[in-house]
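Trainee: TrEMBL lists 54-81, 101-123, 135-153, 173-191, 203-222, 228-253 with the feature transmembrane segment.
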Amino acid sequence: MSSTETYEPLLRRLHSDSQITERSSPEIEEFLGRGRSTVTPRWWLRLFVWESKLLWKLSGASIVVSVLNYMLSFVTVMFTGHLGSLELAGASIATVGIQGLAYGIMLGMASAVQTVCGQAYGARQYSSMGIICQRAMVLHLAAAVLLTFLYWYSGPILKAMGQTVAIAHEGQIFARGMIPQIYAFALACPMQRFLQAQNIVNPLAYMSLGVFLLHTLLTWLVTNVLNFGLLGAALILSFSWWLLVAVNGMYIVMSPSCRETWTGFSSRAFRGIWPYLKLTVASAVML
């Protein structure tokens, strides 16, 4: 039997525009590799639209998660503007200079989680994904310990960068209030990449939206009603990130979607940590 005869039933099905969405990706890729000369331009257009919908279905929710996570800090800085121009300047420089560096390092390290977990998920080695996530948490927490010194001594650092004594002082107050947030970063970044590697993105978006709305309310309450000042705003930001960690962790532990990928905490996370550390450092440097 010739190759054309072998793929003729699939060819007929794929030529029916209404049937494109019913075919699996491997099936379509195999067909395109052998029968692309018989495909009409109209079919290519329909395939492009179909693949675009799949990409936006996955990436759209991920974009929402990233934006909402960023908006937590943005809302905090916005409300500190109600406290005064000096407080706004201190919060802004601490957010951009200190927190931005820490968050960039954490996100860079977490890129390794998505890479390795994605490979494990594609290879159907589901149980190893939880181990990878735990290994990443260990390394992220170690990085958070080192970054704590950056936050605590942010005042002298800001003055060395050319900020005035008053702004550096306010920035240090805000940065010290965000110290608990570093450790929330260390857990949230691997957990979110762990879920995204399994195409679990919509629940992440819903959880991020809920935390964002509550954070906005609490920040308004602390700054405008209770007048807890700059430190209070920073502590609420840290609390909101820990709340995000809590809801993400509850989903991982309790959701049936993670039943095969999360099998509980294991000492295996500490094995092979050196090769994973090298991959993590490389990912952080690239980002």
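Glycine is no exception: its Cβ is also placed from the backbone N, Cα and C atoms.
Please treat TrEMBL annotations as automatic predictions, because they have not gone through curation.
Help me picture these features in the structure, burial and contacts included.
Mentor: Packing against the transmembrane segment (54-81) from elsewhere in the chain are residues 87-88, 90-92, 95, 99, 174, 192, 196, 199, 201-202, 204-205, 208-209, 211-212, 215-216, 219-220, 223-224, 230, 233-234, 236-237, 240-241, 244: each is 6 or more residues past its ends and has a CB under 8 Å from a CB in it.
Here the transmembrane segment (135-153) has long-range neighbours at 98, 101-102, 105-106, 109-110, 112-113, 175-176, 178-179, 182-183, 185-187, 189-191, 193, 269-270, 272-273, 276-277, 280, meaning same-chain residues at least 6 beyond its ends whose C-beta is under 8 angstroms from one of its own.
Residues 61-62, 64-65, 68-69, 71-72, 75-76, 79, 192, 195-196, 228, 232-233, 236-237, 239-240, 243-244, 247-248, 251, 255, 257 of the same chain lie 6+ residues outside the transmembrane segment (203-222) yet bring a C-beta within less than 8 angstroms of a C-beta in it.
Note on the transmembrane segment (228-253): residues 69, 72-73, 76, 79-80, 83, 87, 90-91, 170, 173-181, 184-185, 187-188, 191-192, 194-195, 203-204, 207-208, 210-212, 214-215, 218-219, 222, 262 of its chain, located 6 or more positions outside it, place their CB under 8 angstroms from a CB of the stretch.
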Trainee: Go through the chain and flag residues at least 6 beyond the ends of the transmembrane segment (173-191) whose CB is under 8 A from any CB in it; none is fine as an answer.
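Mentor: For the transmembrane segment (173-191), the sequence-distant neighbours (Cβ-Cβ under 8 Å, at least 6 residues beyond its ends) are 80, 90-91, 94-95, 98-99, 102-103, 106-107, 109-110, 113, 133, 136-137, 140-141, 143-144, 147-148, 151-152, 154, 230-235, 237-239, 241-242, 244-245, 248-249, 252.
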